[in-house]
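Trainee: I have a structure here, written as structure tokens, and I will follow up with some questions on it.
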């Protein structure tokens, strides 16, 4: 199966990356089926995957997509329920909702005989006492978009001793993905492993409730200045792992090099998410509708290896920190070269309003970061990792 033969497409996930991917593919005439394990669109922005007080840390002008503007007078920073409603409105207005199978669990995706096979299951009401019966199905497609995002599978760092603690006290070690409300940590000592945005936001959320908060990190991307661990600060009641997650052989963080009928939308991090993911969805649509041409497999592989060397590989391969503007500029230039060749109107990349909002965000972020650091230093004691980040020891639990 080549990209010139793509017609039927499976999209896995109905968060923002799945919704915008489906919307653009449908507009281009593709037959799309969306598999969503939850009962509604929204991804991480629906109530169950989010912690109660989660608000956006990227302003709504930066998250505006081409398919739909935010409602008039929407604040710059909003509760996750507002974001979920925005995604839901997009899904309803673009035909995504009617093409989505809700409650569908995708269990296996593989290619055989030139077709992609999606093994999935759904629970049906069979009218019996038990009520529900699992129905397993296999559907075939020409191409697949994996739009489950980079928040779906939590990354647990390989720290000696951590897994043993988790086995012995399962409720005392959780990933930030499982964090919901701060009240359950009232009067507890909490150790945060990781120094990124999740760690900072959850620490602030825990501040009024936890007895003490300790943060263990090595060169976190959002680290405030570290404080030395006090002598009596080795006892912790709960460990929160806030490290991020970590795809190999992909071109432009989108196309699987050995077979570009498999695409990923929503993998990069340290970006403005919604707009970035829509540009990726536009790229997928352009390639599969043959208005944009991918380089040869050899050239894609060469570019991949160059980037691998530049970033050091691993999770940082997908980081767009200080690179988003360049990434989108290059992506849209490539897409528009193809559109020009086909006599199509070019698609605008980042708008003037987006750049204005980005400049405003950076000014506000610097001020907010200063304030947040001051707040955190009042509630967090920081444990500086050694260079090799070797272990976590909880003597009082032995």
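Cβ coordinates come from backbone N, Cα and C, glycine included.
Pulled these from Swiss-Prot:
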- 13, 14, 15, 16, 17, 18: FAD binding site (BINDING)
- 194, 195, 196, 197, 198, 199: NADP(+) binding site (BINDING)
- 53: N-linked glycosylation site (CARBOHYD)
- 57: N-linked glycosylation site (CARBOHYD)
- 119: N-linked glycosylation site (CARBOHYD)
- 126: N-linked glycosylation site (CARBOHYD)
- 236: N-linked glycosylation site (CARBOHYD)
- 243: N-linked glycosylation site (CARBOHYD)
- 271: N-linked glycosylation site (CARBOHYD)
- 1-22: signal peptide (SIGNAL)
Trainee: Residues of the same chain, at least six outside the signal peptide (1-22), with any C-beta under 8 angstroms of its C-beta?
Mentor: 30-36, 38, 40-45, 65, 67, 87, 90-91, 94, 96, 99-100, 102, 106, 109, 111, 114-116, 118, 139-149, 152, 259-261, 265-266, 273-274, 277-278, 280-281, 284-285, 287-288, 290, 294
Trainee: How big is the gap, in Å, between the Cα of residue 119 (N-linked glycosylation site) and that of residue 199 (NADP(+) binding site), rounded to a whole number?
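Mentor: Counting only the Cα atoms, the answer is 36 Å.
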Trainee: If you count the other Cβ atoms within 10 Å of each Cβ, which of the recorded positions 17, 126, 198 comes out on top?
Mentor: 17
Trainee: Taking Cα atoms as reference points, which of the binding-site residues 13, 14, 18, 194 is nearest to residue 57 (N-linked glycosylation site)?
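Mentor: The smallest Cα gap between residue 57 (N-linked glycosylation site) and any of the binding-site residues is with 194.
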Trainee: To the nearest whole angstrom, what is the C-alpha distance linking residue 14 (FAD binding site) and residue 194 (NADP(+) binding site)?
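Mentor: Rounded to the nearest whole number, the Cα-Cα distance is 28 Å.
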Trainee: Spatially speaking, which of the recorded positions 15, 53, 126 is closest to residue 194 (NADP(+) binding site)? Use C-alpha to C-alpha, please.
Mentor: 53
Trainee: Among the recorded positions listed here, 57, 199, 271, which has the most company in the form of other Cβ atoms within 10 Å of its Cβ?
Mentor: 199
Trainee: What is the one among the binding-site residues 13, 18, 194 whose Cβ has the most other Cβ atoms less than or equal to 10 Å away?
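Mentor: Result for the most crowded candidate: 18.
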Trainee: Inside 10 Å of the Cβ of residue 16 (FAD binding site), count up the other Cβ atoms and send me the figure.
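Mentor: By my count, 30.
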Trainee: Compared by Cα position, which of the recorded positions 13, 16, 53 is the closest one to residue 198 (NADP(+) binding site)?
Mentor: 53
Trainee: Using C-alpha positions only, work out which of the recorded positions 53, 126, 199, 271 is nearest to residue 16 (FAD binding site).
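Mentor: Closest candidate to residue 16 (FAD binding site), judged by Cα separation, is 271.
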